[in-house]
Amino acid sequence: MAEQPIRYEFIKECKQTGARLGRVHTPHGSFETPVFMPVGTLATVKTMSPDELKSMDAGIILSNTYHLWLRPGHDIVKEAGGLHKFMNWDRAILTDSGGFQVFSLSKFRNIEEEGVHFRNHLNGDKLFLSPEKAMEIQNALGSDIMMAFDECPPYPAEYDYMKRSVERTSRWAERCLEAHGRSDEQGLFGIVQGGEYEDLRTQSAKDLVSLDFPGYAIGGLSVGEPKHVMNRVLEFTTPLLPKDKPRYLMGVGSPDALIDGAIRGVDMFDCVLPTRIARNGTVFTNEGRLNMKNAKYERDFRPIDEECSCHTCKNYSRAYIRHLIRCNETFGIRLTTYHNLHFLLHLMEQVRQAIREDRLGDFREEFFERYGYNKPNAKSF
């Protein structure tokens, strides 16, 4: 049998927490896990160049099937030689299936066994996305890791609805495997659903593991549920997944959730949070978040975070960044975006080092204390 395009290499387990250190091998290089993946929705991580992403050690980025299908069209990306060539990125790329966007962006949708009828959120045109179509688009994009097309139920959802949804997602996963045309070049991950119901998560994981995907995602979290619910779901879901395959928690990117997810056995994370809040002038620091529009930074000539080694912090002051953000200058957004992405990528580097040293529990305690998560009514990002 030919070697799988995606392979997980286990390195070690943290004796203090059970978190795992590993490495994922792809056709476009390998990366250590736990890892955070910057999101490049439209084949670009907003305001960042590929070289800038490399300078902060991003080993894999995420791109969005739904958005690239609408603009510029997967046929154009294929003609360009695939997503890697199109955007000049020679490291790993993961594409989502488009399912989440269909369920979150379209106000009008009709779910049937065959797929989902919905309206284009840009112009109202009628569209149809099925497991087969999602595979066709992702095969054309040529990402290293593709995602199965799943149903994304709202939170909270009634048990009976969720049960039907999980069963449909399992049937769709099987159809995705059958329709996947480049299984020797692209790895396809299944997505475990089931909301907060343990028996449904168990059923979903069992169904998908029996299909032997090269990796598994945990979907349906970070959709509005409290953080303790997410942690509880992870506690009973990750042990259901194979130890020799990567585990990916979709749509999660706040520092606390990254650390807590790693402690519960997750290997891969993605989220638009660092880039989205950067565009509003909000930045991560080791002492918590700062809003750079705040008047108190008008004459503050220190870097955003004096412990940070990123390009922004080595070269520019809070006062300068505040000025740029308040004047809606693109360069200000570039500086805050670079810093936030670097902050999360560096945080994951610290998490990996703490796993090596069997002290991730201690690291969590120190980080949470400084960041402000232990304060009463602390915000979760």
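A Cβ is built for glycine as well, from the same backbone N, Cα and C atoms used for every other residue.
Under the heading active site, proton acceptor, Swiss-Prot lists Asp96, citing sequence analysis as support. Residues or ranges marked as substrate binding site in Swiss-Prot (evidence: sequence analysis): Asp96, Ser97, Gly98, Gly99, Phe100, Asp150, Gln193, Gly220. Taken from Swiss-Prot, the feature region 'RNA binding' covers 251-257, 275-279, and the record attributes it to sequence analysis. Residues or ranges marked as active site, nucleophile by Swiss-Prot on the basis of sequence analysis: Asp270. Positions annotated as Zn(2+) binding site by Swiss-Prot, on the basis of sequence analysis: Cys308, Cys310, Cys313, His339.
A gap of 36 Å separates the Cα atoms of Ser97 (substrate binding site) and Cys313 (Zn(2+) binding site). Here the binding-site residues are Cys308, Cys310, Cys313, and the one ringed by the most other CB atoms within 10 angstroms is Cys313. Every protein chain shown contributes to the tally, and the Cβ of Gly99 (substrate binding site) ends up with 24 other Cβ atoms within 10 Å. When the alpha carbons of Asp96 (active site, proton acceptor) and Asp150 (substrate binding site) are compared, the span between them is 10 angstrom. Nearest in space to Asp150 (substrate binding site), taking C-alpha to C-alpha distance over the recorded positions Asp270, Cys308, Cys313, His339, is Asp270. Taking only the Cα positions, the spacing between Asp270 (active site, nucleophile) and Gly98 (substrate binding site) is 15 angstrom. Each residue of the region 'RNA binding' (251-257) gets a DSSP state, and the totals for helix, strand and coil are 3 helix, 0 strand, 4 coil. In sequence order, Phe103, Met147, Ala148, Phe149, Glu151, Cys152, Ile191, Gly219, Met250 are the same-chain residues whose CB sits within 8 A of the CB centroid of Asp96, Ser97, Gly98, Gly99, Phe100, Asp150, Gln193, Gly220, the residues recorded for substrate being left out.
Over all protein chains present, the Cβ of Gln193 (substrate binding site) has 30 other Cβ atoms lying within 10 Å.
Site extent for substrate: the farthest pair of Cα atoms among Asp96, Ser97, Gly98, Gly99, Phe100, Asp150, Gln193, Gly220 sits 15 Å apart. The average pLDDT computed over the region 'RNA binding' (251-257) stands at 98.
The helix, strand and coil residue counts that DSSP assigns across the region 'RNA binding' (275-279) are 5 helix, 0 strand, 0 coil. Straight-line distance linking the Cα atoms of Cys310 (Zn(2+) binding site) and Phe100 (substrate binding site), rounded to a whole number, equals 32 Å.
In this structure, the binding-site residues Gly98, Gly220 were compared by how many other Cβ atoms lie within 10 Å of their Cβ, and the smallest count belongs to Gly98.
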